[in-house]
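> I am attaching a structure below and will ask some questions about it afterwards.
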Amino acid sequence: MSQPFAKLPAWADYGLLPLINLIVAFLVAGLVVLLVGESPIDAAVLMVKGAFGSGDGVGYTLYYATNFIFTGLCVAVAFHCGLFNIGGEGQAYIGGLGVSLVGLWLGNFLPWWLTFPLAILASALVGALWALIPAWLQAKRGSHVVITTIMFNFIAASIMVYVLVGVLKPAGSQAPETRVFAEGGQLPGLGWLLELVGLSMRSAPLNVSFLLALVAAFLVWVLIWRTKLGYEIRTMGFSPKAARYAGISELRIIIITMMISGALAGMMALNPIMGAQHRMQLDFVAGAGFVGIAVALMGRSHPAGIVLAAILFGMLYQGGAEIAFDMPNISRDMIVIIQGLVILFAGALEHMFRPSLQRIFYRLGRAKNRTAAAVIAGGNQ
Amino acid sequence: MDSFTTVLQLFDSTIRLSAPLLLACLAGLYSERAGIFDIGLEGKMLAGAFAAGAVATWFGSAYLALLAAVLVSVALGLVHGFASITHRGNQIVSGVAINFIAAGTTVILGQAWFSQGGRTPSLPNAARFNPINLPGTEAMRGLPIVGPLYYELISGHSVLVYLAFLLVPFTWWVLYRTRFGLRLRAVGENPAAVDTAGISVPWLRYRAVICCGVLCGIAGAYLATAQGAGFVKDMTAGKGYIALAALIFAKWRPVQAMFACLLFGFLDAVGIRMQGHPLPLIGEVPVQFMQALPYILTVVLLAGFIGKAIPPKAGGVAYVKER
């Protein structure tokens, strides 16, 4: 216990350690593939091929990644404040209401570049309001945000089923979904972006929300590390006591942080609704809110890391769908396992390898010092 | 059918529906009273249900199925313990991870082993926990009120239901009348004091996590081999979270936990029964509202409008021995 540990260099702390955790998570996932009777290596090859092998593959990968960037940022912003927002799923789901209202109503007579900003505002607002109640309860009444956001996920799911089945479903239709939006409620695709690098995209739903996600990631970086508010958020996350002594209002910071977090989750709804399906369907979030937890943990709550982790999970989603054709025993639920393992190893067990790694670096450092000392001693003789 | 029988049947299904909640809720009670928050009740129950369904299919024995469910659930509990006790990881993150691992693994393995879209084959009655008739049911059936009450409500459940309700006084006794219970409560409130007394905090917490795993396993086995006839994809459907809500509702006390679970079970039973039946004053209540009601109630309770729920003091905090 009391053995001195070397402080890890930054590249090991932010690069090597997450990489080790990730590799272990994938090794365990490989065991599950073996258990199912398939070859993990073949599965990995198929997955990478499916995700990056064609223009459409890349398009789908980035389309899924768009969802995960939003939800990953949502979880990360809350993490910086020491809050665990499990409610991204519900906030994104409810955020769909804002997108659909704009799409159904304004989409009829406005062009997309006018509906888009309005839909961004509407989805962010609805998502933020859905996060406001748990935030207020945490800040004012001390009820744990983890429990309340879980409860709010279920409440959101019930409300959305009610709304889609009872209110927004067009008369005479059986499927629980809205009507298809008019032209103005549909976002343009990003085929030209892929053509720049020589890929052609035919059916993949990659759209301008991807660019919005990148902008959001940059803005979150600015907010967290370059503004006064971000400094206050991080102070609160690091030590609520210190924040209180510094005169930072706990109530204000918790509510603002959770609302930003909810707004980011709400904006995720733009991508599948206005970008891909041009209508709101039942359960369109499809677990992306929860993937955000894994993405944020893997990306170390840094926007750059989150974008990379989101693309990795986008690859898993797209590649996983492709694998299912060749290996019928492996469905997309494999991703849920990988997601769980990443959360376990990169989140809950993130310190498992740290002591041994520190010991190795300590030994290395000592050995280097000794040779350096020997060289100096030898030079003096 | 007179209204008395209707009410009795409503209460009867209340008991059936609240039994798995109660088992999971008591499971959470052992763990959280020892200071280990457990979001992973849902996942452990699900994994237990799958293990029970698979083993019952292969061996045709309900008791072997129960054993398998308990073993799998305890194994997941130990993963949670390893992460949150030994490595002092975030308990909530670890619980979330376990839920995902269980949700994915059960479907993948179920599909690979049974090829029925993630479910296990339908079980024959011989491989299930069947309703047992308590002695004297037929003889007492003719009596007014007491007879139907005994016949409909108390008799005719599977052995796991009786086990669930017997575990309530047992848990109370363990928690408040045994040395283990005293230490369990202490380690959730002030682990340093327990440590000073020369008792191992990690070992005590590991035992709590194992108790939690055993009970979640029983709850899972109940779902797959008593209430249902086989495992179905995502068959817990949020019951683990409702159990967690019930635990908070009960303020981490066993007897109150039973009443909270009965309340949530009752809401569920009423919701099922009311589908398509409009109420006299309000009109037809949407099913979705009834489904959301337990969660809404929990949020209202958490907000402190129905008395304050104070969790165990050291809950969620890993214990660091040396300073």
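Using the three backbone atoms N, Cα and C, a Cβ is placed for every residue, glycine included.
Curation does not apply to TrEMBL; its annotations are automatic.
Annotations per TrEMBL:
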- A:12-37: transmembrane segment (TRANSMEM)
- A:62-83: transmembrane segment (TRANSMEM)
- A:112-133: transmembrane segment (TRANSMEM)
- A:145-165: transmembrane segment (TRANSMEM)
- A:204-224: transmembrane segment (TRANSMEM)
- A:245-270: transmembrane segment (TRANSMEM)
- A:282-299: transmembrane segment (TRANSMEM)
- A:306-328: transmembrane segment (TRANSMEM)
- A:334-353: transmembrane segment (TRANSMEM)
> Based on Cβ pairs under 8 Å, which of the stretches A:12-37, A:62-83, A:145-165, A:282-299 lies most in contact with the transmembrane segment (A:334-353)?
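Looking at each of A:12-37, A:62-83, A:145-165, A:282-299 in turn, the most contacts to the transmembrane segment (A:334-353) are made by A:12-37.
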> At a C-beta cut-off of under 8 Å, are there same-chain residues at least 6 beyond the transmembrane segment (A:145-165) that contact it? List them, or none.
78, 83-87, 89-91, 93-94, 96-97, 130-131, 133-135, 137-138, 176-178, 258, 280-283, 289
> Take the C-beta pairs under 8 A between the transmembrane segment (A:62-83) and each of A:12-37, A:112-133, A:204-224, A:282-299. Which stretch has the highest count?
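Top-ranked stretch among A:12-37, A:112-133, A:204-224, A:282-299: A:282-299.
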> Using a Cβ-Cβ cut-off of under 8 Å, list the residues of the same chain that are 6+ residues beyond the ends of the transmembrane segment (A:204-224) and lie near it.
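Distant contacts of the transmembrane segment (A:204-224): 55-60, 62-63, 65-66, 69-70, 73, 76-77, 80, 116, 120, 187-191, 193-194, 230, 233-234, 260, 264, 267, 270-271, 274-277, 302-304, 306-307, 310.
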> By a Cβ-Cβ criterion of under 8 Å, what residues six or more beyond either terminus of the transmembrane segment (A:12-37) are in contact with it?
43-44, 298, 300, 305, 329-330, 334, 337-338, 341-342, 344-346, 349-350, 353-354, 357, 361
